[in-house]
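Participant: Before anything else, here's the structure in question.
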Amino acid sequence: MKPIRIAHLFPDLLNLYADKGNILTLRRRLAWRGIPVEVEQVRRDDPLHLSRYHLVLLGGGSDREQALVGEVLRKQRAEWASAVASGLPLLAICGGYQLLGEYYETAEGLKVPGLGLLDMRTTAGSTRLIGNIAIESPECGRIVGFENHAGRTEHRHLPLGTVLHGHGNNGQDGKEGVRYQNVIGTYIHGPLLPKNPRLADFVLQLALAYAGAPAELSPLDDALELLAHEAFFQRRIVVGRGLRRGDGAGASR
Amino acid sequence: MIGLWIGKCVLWLMQRFGRRATSLPGKMALRISPRLFARLARQLNFCAVVTGTNGKTTTTAMLSRMFAAGEPVIHNAEGANMQQGILTALLRAASWTGRLRVRTAVFEVDEATLPVVAPYLPIRVAVVTNLFRDQLDRYGELDTTVRKVTEGLARTAASLVLNGDDPLVRHVGLSLGTHHVVYFGMHRGHLHPLEREVMRDGAFCLRCGHPLRYDGFFYGQLGQYACTHCDFVQPHPTFCGQYEPGRLHVHQEGLPGMSFPLPTRGLFNAYNALAAVAAARVSGLSAGQIERGLQSFVPPLGRMQPFATTPVSVLNLIKNPAGCDSVLAAIAAEPGDKGFCILINDLAADGRDVSWLWDADFEWLPDRIQPAFCVAGGLRAEDMAVRLKYAGLPAAAIVPVPGIEPAIDAALDRAAARGVSLYVLATYTALYPAARHLTRRADTTSGTASWDAGRKNDETHPDSPPVSRSPESVRG
């Protein structure tokens, strides 16, 4: 079997919020099933051949670094658009998620252009939306993690899920993330994948299908991952909700 | 005056009832008279501050011992490094009429607090130990920390004592051109080549955005660096350090070499000692006084701190990836087979986001240490257990036990059964409960060691957290 090839984009620039953990999760969950995997780190000055990859991961960085990345990415806009249209699985988190849209408007009113793959815009708010978050996704069940973003994102696609607790895309409409073709965008880190094994396998399944090896993934012993997911949900979401009932946080609005 | 009295009353009451008064008296006093801080602070003749991400507490403690070898000095308690903690230290030294009995102070100052307190304190010397990623959810992101530190230092007329091996600190130094700046750094002999792909916060030039080229690393982002595009380069250090177990040799530009006792272990502690020596020299202290200070230094809580449990246990504070990596490296250098107990809390003082666990190099455990077992405890025991699983530790070696005391008990049982020594790693709010419990376990087995033996009663503990946030609330 030919290896599943994963591109980790700009690990030197977009490395906030432990994207290393997401890569490690994807790598291990393939290896445990005996599926060969290659992860390639693509740096800013490396040529990017999207057609090489079966899965692309775009993480988050600080404002300065994100602007640098946006500049580099936009040079290959056409290639990105056709890769996504042909079903390239793309997982974009935090800053990477914002870069998929038309622009990111800073607090000073400066519009930093994004890749424009999605009908989506992000505007910096006066406060950061920070805290534990849980959402319900129709495809992957409950997803838990942490969010920390100043950007308020609005789009007209399907969300990744609806907010059970936390802020989500903009703290207003109760939606979190985006689902479009084989693109998944989200503000959730923590990191995203280790405690959400169903989502991790959903992403891997997309990558396998795209690689032309549409095998069903064999089940793994996820006892520890599910224990961590459940413990987090019980102690940090259910309890947190009980304490904060009435302040209007979350999907109740 | 009312604020002063309230503060001193709270201080007295807390001491009277054996509580840890490190911040609360200052907090209460500040609420009543916001100008009290300025009134006390302006009576100081000399103030040195230490800020940065890692090593603040140790560096401050060493520097204050050096000053104390010559004159009385005011010094804030471990971790109480925001305005209320500094005010509590001032209140301790103030009379009931508001006169300071001691006029020299050495303070550990939180990076974000520096701009707030800098205008009021007569800061003559300011040390920046390093700038690593720390508690992102508190400050947003790293650029903010660099900006706050620069902003704070700009509000002083201090001589700056900066870590030249850290490109982010070097950047701070360059942007404060009108200050008197001296750099400290390690000798090239301690450099080692890059071993594995790790995240480095300072890997890009903050001036032009181009990548930095490294010829070697000390640890984390500290190393010998130069920008690939502009003239940004590691400065030649005024104070150059060379260490061997138990000793630190310091070469000060233009002077014969000096050599000091090094009362702590590991490269990161050698950096702390070097920073303190440099600051003391810039403050005009003699080599003899510095040596006496270092000799009287007792390592702070949770820095390779041994307990006489059966078997022996060693406690370490971990709070961010760089600090955690240096702790793991120091433990790997210890002889003998090992068991681990890693206690992860996510309260405000720890940082509510635990994603840093994935940036820390826990791969050291399976790759180099191969522990007999690893108990994961604290409020986020299960998150830590998952991290260890993905680091590659065998499933049978991973034992999640929520809570602090149950986790330590489980780990001590296993360590005794396997005949290995136990290394306990704990985040900030887990550290004190862990130390307390290890002391109890040491008392019941041997009745000798005490975790706060030789330290002043109530100076090293933070105020107890409110009941609802106490680690005990995890049970169930």
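Just so you know, glycine gets a Cβ as well, placed from its N, Cα and C.
Unlike curated entries, TrEMBL annotations are predicted automatically.
According to TrEMBL, the feature active site, nucleophile maps to A:Cys94. Here TrEMBL flags A:His189 as active site. Look at TrEMBL and you will find A:Arg128 tagged as substrate binding site. According to TrEMBL, the domain 'CobB/CobQ-like glutamine amidotransferase' annotation covers A:5-196.
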Participant: What's the number of neighbouring CB atoms sitting within 10 A of the CB on the residue listed as 'substrate binding site'?
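Facilitator: The answer is 17 other Cβ atoms.
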Participant: Tally every other Cβ atom lying within 10 Å of the Cβ atom of the residue listed as 'active site, nucleophile'.
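Facilitator: Taking every protein chain into account, the count is 26.
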Participant: Using a 10 Å radius around its CB, how many other CB atoms surround A:His189 (active site)?
Facilitator: 26
Participant: Determine, from DSSP, whether the residue listed as 'active site, nucleophile' sits in helix, strand or coil.
Facilitator: coil
Participant: Quick one: Cα separation, A:Arg128 (substrate binding site) versus A:Cys94 (active site, nucleophile), in Å?
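Facilitator: Just about 13 Å between their Cα atoms.
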Participant: Quick one: pull the CA-CA distance for the residue listed as 'active site, nucleophile' versus A:His189 (active site), whole Å only.
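Facilitator: Cα of the residue listed as 'active site, nucleophile' to Cα of A:His189 (active site) measures 8 Å after rounding.
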Participant: To what whole number does the mean pLDDT across the domain 'CobB/CobQ-like glutamine amidotransferase' (A:5-196) round?
Facilitator: 92
Participant: Near chain B: which of the recorded positions A:Cys94, A:Arg128, A:His189 have their Cβ closer than 8 Å to one of its Cβ atoms?
Facilitator: A:Arg128, A:His189
